[in-house]
Structure formats: C-alpha cells, structure tokens
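These notes concern the structure reproduced below.
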Amino acid sequence: MFKFNEDEENLKCSFCGKDQDQVKKLVAGSGVYICNECIELCSEIVEEELAQNTSEAITELPTPKEIMDHLNEYVIGQEKAKKSLAVAVYNHYKRIQQLGPKEDDVELQKSNIALIGPTGSGKTLLAQTLAKTLNVPFAIADATSLTEAGYVGDDVENILLRLIQAADFDIDKAEKGIIYVDEIDKIARKSENTSITRDVSGEGVQQALLKILEGTTASVPPQGGRKHPNQEMIQIDTTNILFILGGAFDGIEEVIKRRLGEKVIGFSSNEADKYDEQALLAQIRPEDLQAYGLIPEFIGRVPIVANLETLDVTALKNILTQPKNALVKQYTKMLELDDVDLEFTEEALSAISEKAIERKTGARGLRSIIEESLIDIMFDVPSNENVTKVVITAQTINEETEPELYDAEGNLINNSKTSA
C-alpha cells in the first residue's frame, strides 16, 4: 500500500475530486490518485460490460428464417436438414433466454441434434456455420478418438476442453457453445465386430457421453489428457451446451429396409424402386439407430434427427461456385494476387464433381482435386511473368494434363503440352 508523507496535504482523487479525508483509501499512481469509491465504480462497469459481451449472441437471437438465410450463403442444398437445424437451434437458444424465475411448471428440455448423411455431404460445415451465425464458441471432436475410462485414448471431458479453449477459457461463454461430434456411428456396438478397440470405444463411450449430453457439471483437466487425483479441474455445466452429432451410418439403409420389409414385399419392381437410399434415410426412426448399435438411453438424448442427401454432380458444381467462400472463388482470388486470371470451364467443373463422386468423398474431396490440378501452376506462375491467364479444362482433370496458359495478348503458351 502506498504510504503518504505527513507533509503532503490536500491530496485528491484524480477522478472524482474528493479529498483523502472524504474517502476510506486513496491509491497513488504515477502523478495520479484514485479513491476506493472510484475503484469500486470502475469494477462494476467492467463487470457489466463483460456480462453484456458474454450474453450478446444470446440476446440478439436470429429467427429460424434468418438462421437458414445465413446457412444458404455457405451451404448449398440440404434444404430439409437446414430447416430442421434452424428450428432446433432457435428453440435451444430461446430456451436459454427464458431461463430464470419459473412462472409455471413447464420445463423446456434440451434437444441435441443428429445429422445423418454420407461423407462430404456438409455435416461439419452446417455445424460450423451455425456457430458463426450465432457468435458462440464451437468445437469439433472425433468420436473415434474417444475411449472408455481406463484405456488409452481421450476422455469425453477433453471434448469440453476444446470448447473452453475456443471460448478463451471464458466458462460462461463456453456453457452456451456448440460441440460437433463427428463419426458418432463408429461408437455403435456391433456384435459381429471382433475388434477389442470397439469394446472400449463403443458402448462404454456412449455411456460416458450420456451425462454431458443431458446436462451435468463436469470436471475438465485444464491441460487435457487423463484426470489425476491432485490435479486442479475446471468446472463446466453442460446443461446449455448444444451437441450436434454427425455420422455416415453406412449400411443403415438395410436396417430400415428390414423394418419396412412387410410394406415392400409384394410391390412391383417399379414400386420397390421408390425405396432408394435417399427415400429410406428420410424414414429413419429411433428404433433403426438402436438396431444399428446405439443404446436407447443415448438415442433418447438426441431427439432431433436430420438426414442429409447424397450430393449429385449438379449440387457439387453449385458448391464449387455459389457459396460466399466457394472454392473456385478462393483459388481465383489466390491467383489474382499474382496478377493471373483463373478460369474453370463448365466441363472442368463437371469433371471435378464426377471425380469427387467416384472417390466417394463428396464436397470434402473437391479441394484436393482442384489442388492436384493446380499445384504445378501455383509453383511456376509466381516466377513466370508471361502467364496472365490459366484455364482449367476437363482434360486437365480427367487426363491430369497441364492447364491452358495464356499470355497478355491472349496467345496460348503451352499448346504442345495440352494437345496430347
């Protein structure tokens, strides 16, 4: 504590102007003084602003239509899934907003969401975009890395640590965040699977996830890893954390077919054709997930199920060009920085999309296909001032030939290389 000399008189608070006799304490700085009353006032102002910033995303909750409009800017197709997500997320945060003194006996329970669809159909992107729309912390976890307590692998609490880190260790903010757990179908119990790791990363992990899905105060190791008896823990309440679970659930169509079997038998082949993969997924029920290997208690914690469609060539072409951050726009911008124009022909876009379908990677594989066709160009162009335009053709994608290169006069530079 700063001690005043006896010969110093008329010391005043530099903020409110009160003499030292009018306040309990006067703290000195470099040529300035502040009294205890002003310190308390400043503390209150800072606390109010912090509280306001923490709840800002929640108080400005967009409507389901506004949420879907924002999703449409970044995610192409999947209209049903986007609508289901928009309504579910809106209801979740509306529920948080109205928490407080109970005016009646109606308790609004949390509704976590399951996204079922093939690899590359947009499950992760949907979850990421939702978090950005709502300005809440977001974390991604892979269910295959989780194991039952006592085995090598991640505890389920490590999922919460990622969310806390995304919130810059602001626990209040983290408690209103979103966690996306991918490949949730990989922790389904399957009697025909003889893998030992399936036993410790299957039903045991489902049991461990139950509490945090429903809502509990979890103890999280600040450095991650396994818990130790004398380790200081971070306490976090998961009641208001929204969990979105994603998985491809390969083969679940057969489970649905068995359930619908008596309805399909006796139909003509044309009628049976209606039960294609997409139509079957649209009829998924909780009992199908249970038959697939998820335990009933786990299914009960995830009441909302949205299925994503397999992306066809048209959808993938739209994904390449239409979103705000579309890949074609990204690579075009990248080459613009080297004063080079980049162009994709319609046939090239179709070829990229067809190759992604052939590889069964969906939208997730589009970037790697473009990267493969452009890697040499992005290496050479910065040191070749003659090139002002690059054109990606179907031949570039299908035959892995060099893209067409043009100079400032529009002359094709590498004609001999592309004519093969």
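Cβ coordinates are placed from backbone N, Cα and C, and glycine is handled just like the others.
So that you can see what the record holds, here are the features copied from Swiss-Prot:
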DOMAIN    1-54  domain 'ClpX-type ZB'
BINDING   CYS13, CYS16, CYS35, CYS38  Zn(2+) binding site
BINDING   PRO118, THR119, GLY120, SER121, GLY122, LYS123, THR124, LEU125  ATP binding site
For CYS16 (Zn(2+) binding site), the number of other Cβ atoms found within 10 Å of its own Cβ: 13
Env. residues of ATP site, Cβ within 8 Å of mean position of PRO118, THR119, GLY120, SER121, GLY122, LYS123, THR124, LEU125 Cβ: GLY117, GLY246, LEU308, GLY362, ALA363, ARG364
Residue among the binding-site residues CYS13, CYS35, CYS38, LEU125 whose Cβ has the most other Cβ atoms within 10 Å: CYS35
Shell list (Zn(2+); ref centroid = CB of CYS13, CYS16, CYS35, CYS38; cutoff 8 A): SER14, PHE15, GLY17, LYS18, VAL23, LEU26, TYR33, ILE34, ASN36, GLU37, ILE39
Inter-residue C-alpha distance, GLY120 (ATP binding site) and CYS16 (Zn(2+) binding site) (nearest angstrom): 62
Spatial neighbour of PRO118 (ATP binding site) that is closest, considering only the binding-site residues CYS13, CYS16, CYS35, CYS38 and their CA atoms: CYS38
Nearest of the binding-site residues (THR119, SER121, GLY122, LYS123, LEU125) to CYS13 (Zn(2+) binding site), judged by Cα-Cα distance: LEU125
GLY122 (ATP binding site) versus binding-site residues CYS16, CYS35, CYS38 - nearest by Cα: CYS38
Shortest C-alpha distance to LYS123 (ATP binding site) - which of the binding-site residues CYS16, CYS35, CYS38: CYS38
Helix, strand or coil at CYS35 (Zn(2+) binding site) [DSSP, three-state]: strand
Binding-site residues compared (PRO118, GLY120, GLY122) - the one with the fewest other Cβ atoms within 10 Å: PRO118
Distance from CYS16 (Zn(2+) binding site) back to THR124 (ATP binding site), taken between C-alpha atoms, in Å: 54
CYS38 (Zn(2+) binding site) versus SER121 (ATP binding site) - Cα distance in angstrom: 56
By Cα-Cα distance, the member of binding-site residues CYS16, CYS35, CYS38 nearest THR119 (ATP binding site): CYS38
Whole-number Å value for how far CYS35 (Zn(2+) binding site) lies from LEU125 (ATP binding site) (Cα to Cα): 52
